[in-house]
Every structure is written in structure tokens, then in C-alpha cells.
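What Swiss-Prot records for this protein:
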{"type": "BINDING", "residues": "237, 239, 316", "note": "Zn(2+) binding site"}
């Protein structure tokens, strides 16, 4: 089966087809300070400048060996285009939402007709095109973005999101519907620009914040709508110990489910989802990849591979201060497993 390219291998793995070896990449954020310095493309400029955005994204493929190019580096691009106020962060801190446009009601809340021309969306789409031109057709590009649940909480504020989920469910559902619509439009624009996989991170959907009952009753249908509406392979990442919702996540229609080490072993995760979706992860970003040492990274990777992980990856966004050699160790672990 040596006819695989990086792209066909990743897509086959996510679709549950046989592959010669498990791909190793990151479906979550990949910008690390060491690479910013090496290639001269640093945050926060790389969040707005398409050339720098592309350069930094390509660096983690070229210099660490991750088998996909993933961009951008935050979960605020769509929120900003929908009216959220953003703090653009620093060289080692990601952008974050600082103010929500609709904390009291949804008067005037719609998906703007010019959504794809707003704020940083054109820069992301341009960066994807630059990446494709530079890496050629055989390297997969992963477009990352906030999921509809997290977007909804950004639009109305986390406080209102929690409150409305119990007391004003009509408004809660309206916020989710607007967010799903905007998310599908942005995702498909990334696909059109050249992304092969769309990976959404939806931390607000985690049982840490929303009950499994709320997930089942309100959130699952919007995630299903998203995966059905996007014209590519999709991956759903939800942070935290998601065991209580993992089976429901597997019914959301995403090819891949990206999980942290908090779920337990890959084998335990696979047991829950069966063949309904593929498991991506679950090497700890904060507790293993960031601090190392290398033998711990390799040992964790081996456990994941032996447990049947479908795509070996960091369990969450790579911490900006993670050393390059630690990311390389993740790739080496996969190579050694098949040696």
C-alpha cells in the first residue's frame, strides 16, 4: 500500500479505510514560538497577514514532520466577523473574545451577507491558497475554526449561554442556529480555498460546561447540521473528559473525533465509538508535549497506537512554548512503531 500520499493516507484514515500506517499530524493549533523565530512569522502578526500565517503553518510540516498543514491559530476568526470584540494576544498567547455583540437579546443578529469579506476571513482564505501553492497537491491542509456551540457562546456571552440553555431555550436555539449557519458558510469557503479537512474545536460543548442532557437535546443536532453541510471530511474536537458525550459525538456525522488524554486510553475511546467515527489524539498537549521528556512522549504515543488510535495527534492545541524537538518526537514515535 505504498501508493499513499500524505493527503490520501490522512483522508483514508479519517474515513475508516485501510492505511499502511497511522498518520501523525495536528488537527488543533500548531503555532509554536520556536518556529515563529525560525521562519520569521510570529503571532500576533501571523493572525492577520496571510503570507506569515501560511509560512508559520508550513513550518510545522516542513521542520517537525507533521503530516498536514493546519491553520489558523485561534478560535476567534468567525466570532470576530460576526461582531465579537477580540484581544489579539501576544507572541505566545492566542487571541480571545473580550466582548459579545448580543448578551441581552438577539435583536439584529443575522449572518451578514458579506461574512466572507469581513475582518480576518479573507486573510485565512488567502493563506490556505498560499499553502496549497507552496506544498503542492499531495499534502493535506486542515482548516481549523471554532465550532457552532462555542461561536454561539461567544456571540451571546458564556453567562447568557448558560442561562438561556435553561431559562430561554428559544433564544438559546436561535443563537445555535445562527452560529451553525455562519460556521457552515465559513467552513465551505475554506474548502473552496483548498482545505481538505475542516476541524472544529468546540470547547463550550464539553461536559465541563454543558450537561450531557443539553448536548443531546440541543447541541448534537447543530453539530449534525454542520457536518452534513460542509463539503469535506470533518473532525470534531471537544476538550476535557468527554466520556459522557463521546457516544453522542460519534453520532454527529464527523469522520474524526479529536479527544484529550482526559478520556483515558485510545482503546477505551475506541470501545465507545466503535466504527461510527475515527479517533484522533490523544497525546497530552500541556502535560506531555509541552514539558516532555521525549521518552514520555514516545511512550504515550505507543499506548495510543497500540490502542488503535486512527490519527496520532496532540490531544488539544499545541502550547506555544512547546519545544520543536518534542513535536518531532511525536512523529518519530509513529515511525519507530512501524520500524
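Here, residue 1 is simply the first one shown, and the rest follow in order.
Glycine is no exception: its Cβ is also placed from the backbone N, Cα and C atoms.
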Taking the mean position of the Cβ atoms of 237, 239, 316 as the Zn(2+) site, which residues outside that list, in the same chain, have a Cβ no more than 8 Å away, listed in sequence order?
28, 201, 203, 238, 240, 258, 259, 260, 315, 317
If you count, for each of the binding-site residues 237, 239, 316, the other Cβ atoms lying within 10 Å of its Cβ, which residue has the minimum?
239
In three-state DSSP terms, residue 316 (Zn(2+) binding site) is classed as coil
Helix, strand or coil for residue 237 (Zn(2+) binding site)? Use DSSP.
strand
